[in-house]
Amino acid sequence: MAGLTLFVGRLPPSARSEQLEELFSQVGPVKQCFVVTEKGSKACRGFGYVTFSMLEDVQRALKEITTFEGCKINVTVAKKKLRNKTKEKGKNENSECPKKEPKAKKAKVADKKARLIIRNLSFKCSEDDLKTVFAQFGAVLEVNIPRKPDGKMRGFGFVQFKNLLEAGKALKGMNMKEIKGRTVAVDWAVAKDKYKDTQSVSAIGEEKSHESKHQESVKKKGREEEDMEEEENDDDDDDDDEEDGVFDDEDEEEENIESKVTKPVQIQKRAVKRPAPAKSSDHSEEDSDLEESDSIDDGEELAQSDTSTEEQEDKAVQVSNKKKRKLPSDVNEGKTVFIRNLSFDSEEEELGELLQQFGELKYVRIVLHPDTEHSKGCAFAQFMTQEAAQKCLLAASPENEAGGLKLDGRQLKVDLAVTRDEAAKLQTTKVKKPTGTRNLYLAREGLIRAGTKAAEGVSAADMAKRERFELLKHQKLKDQNIFVSRTRLCLHNLPKAVDDKQLRKLLLSATSGEKGVRIKECRVMRDLKGVHGNMKGQSLGYAFAEFQEHEHALKALRLINNNPEIFGPLKRPIVEFSLEDRRKLKMKELRIQRSLQKMRSKPATGEPQKGQPEPAKDQQQKAAQHHTEEQSKVPPEQKRKAGSTSWTGFQTKAEVEQVELPDGKKRRKVLALPSHRGPKIRLRDKGKVKPVHPKKPKPQINQWKQEKQQLSSEQVSRKKAKGNKTETRFNQLVEQYKQKLLGPSKGAPLAKRSKWFDS
């Protein structure tokens, strides 16, 4: 605050805070401005203070502002006034000692956040042993084992971690575990006075607690007396401060009450008492109750303390009135927002930096738990204007295109702060959650209408294409199963020469400013009819691209769509979010699951399951073997008659033409693409199947083999004919009927007449 605060000296007695603020607001936004006045009157004492929000405005004000209503004024950077509680001992003490005290206090407050207490500690355990045990959970900043005046250990210790996450892991991992042969109890460390308050609940310790409260009240009262004496002495010191330009926080607070300017301390207290909407009302009620209980306890302590003089009683009453005074509520102004789902490690400075993009902030306050002093995961923030608060609410809504506000990897939930009565009503009413999952708001993304500014310079052919695509989109979206994808883009009007690599490069360049851009799919659609070998088909002029994140897809769409600099002004890309069919996506998931099951079953069994299609090569080999076996089994007479018969066509087995889906519906069976090249070898008709790998044998050897096979087959057939004459007779009759009905084939050789010696 001191670096942003200016000390303004040599002001006339008629100077007012409003006039001073009007003068300095010409340089930049003024956060705070007041003129120090005489007690009991509005006359200016000749100096004042101005606080800016930005350091640049402070530098400008030092250079530009030199006069006030025609009078020359002194403008310097205000110095922080450091008070020493023992002023009576000497005002000439070195100022370095009091500077160290507030820093030490701040460090203690920060340390409490990630600090653990280890009870029931063994006397054999040293600080180094304790550090080595807890170092496995994270960075240990400090280890402390308190000792008695005689040097013996007290049986407990403290471990300070770097952040809350590591401390939480250590608490879960080491609670009720043994260290040096002794089971320890690990818990969050709290302030000593709060621990004593919790321990003084029993009836036995009530008297002791009253005595301690009495002592604390006497101490507080003594501090208040010193503060009141210091305030009285401030009148003498302010003249020196005017020359030195010293800035005092306490003077500022007292004088702000008189000048009706909001104090920073009041703002922070007001943040704690802020009631929250439905889900956040519990936090706000607890905080407000704590504030009220604190003020009541202070009043009781002042009432119990025995005052020696009437002046001390008057001062105590004044202090209690100040504490009990209700602060004005700023909920109805619509400038305060309540933030939920905060990370426990998030700080007020980080949250303030995130919210400053929407407008100037009055305060940011993270709600702390009263016992542990850890963050509750929620906060309050008040903007200077109502418009800034509305901008913040719009940016944080989940329906926003940017995806809402994120801090430390968590999605922030922002709502307007409401009164306690409204919060109670919101708890009873159930909020209807949006059920739309079709993302129809993205259907208009990339739309360019004729006659608009975006349509200037677009060729008539491109506009006709856009109108046609828009009409098709409207027709498809009438089906409830069609939805708009959030990550998949459809790109039309692409040149024929653009391939997958060029398109991927274009999309990555469009999202070059983003971090972690990943394209899952990028495919230019091509005509595959009449294409063989490694030849690529001609591009169809459109493509699909799928991103990992919605924000990246949205940025690529807005940069590439209708951009004349990519492919020229006459051929501008038409980019829109792709339409998806839920039914087809379900079918795709089922196919993937089946393939995964097949892959898992193969290494387990080593053989394909029943009903699974075999590879094409195995099918061909098995078919050839089966064919040769059948030929060897057929008797020679049937072979001769079969040779004379004509081709009877394919003899196929009845196959299922429809496939039943899991939802009960049926669809036509889709045959898979062939896994081999060349002419189709059909397994349904065995009439003209060639051997798999035919070899050209020598003619003499081939004839000798044929004769040998005929002799062997005749011998086998004679043996079988004796055993089963009825079957051979039936086959002969069938062959005779075939010859009569179909006639002998042209290419078939004439049947040999039986010789006289065969009978």
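Backbone N, Cα and C define each Cβ position, glycine as well.
What Swiss-Prot lists as compositional bias 'Basic and acidic residues' is 85-101 (among others).
Annotation source Swiss-Prot lists compositional bias 'Basic and acidic residues' at 205-224 (among others).
Under the heading compositional bias 'Acidic residues', Swiss-Prot lists 225-256 (among others).
Feature annotation from Swiss-Prot assigns compositional bias 'Acidic residues' to 284-313 (among others).
According to Swiss-Prot, the compositional bias 'Basic and acidic residues' annotation covers 615-640 (among others).
Among the features that Swiss-Prot reports, compositional bias 'Basic residues' is placed at 689-698.
The feature compositional bias 'Polar residues' is assigned by Swiss-Prot to 700-715.
Annotation source Swiss-Prot lists SUMO2 cross-link at LYS653.
Residues or ranges marked as domain 'RRM 2' in Swiss-Prot (evidence: sequence analysis): 114-191.
Remark: secondary structure over the domain 'RRM 3' (335-419) totals 19 helix, 30 strand, 36 coil, with classes taken from DSSP. Among the features that Swiss-Prot reports, domain 'RRM 3' is placed at 335-419.
The domain 'RRM 4' annotation in Swiss-Prot covers 487-597. Computed over the domain 'RRM 4' (487-597), the whole-number mean pLDDT of the model equals 90.
Per Swiss-Prot, the feature N-acetylalanine maps to ALA2.
Around the Cβ of SER122 (phosphoserine), the same chain contributes ILE179, LYS180, GLY181, ARG182, each under 8 angstroms and 6 or more positions distant in sequence. Positions annotated as phosphoserine by Swiss-Prot: SER122 (among others).
According to Swiss-Prot, the feature phosphoserine maps to SER397 (among others). Long-range neighbours of SER397 (phosphoserine) (same chain, six or more residues apart, CB within less than 8 Å of its CB): GLY404.
Per Swiss-Prot, region 'Disordered' is recorded for 84-105 (among others).
Taken from Swiss-Prot, the feature region 'Disordered' covers 201-330 (among others).
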DSSP-derived structure type at SER122 (phosphoserine), helix or strand or else coil:
coil
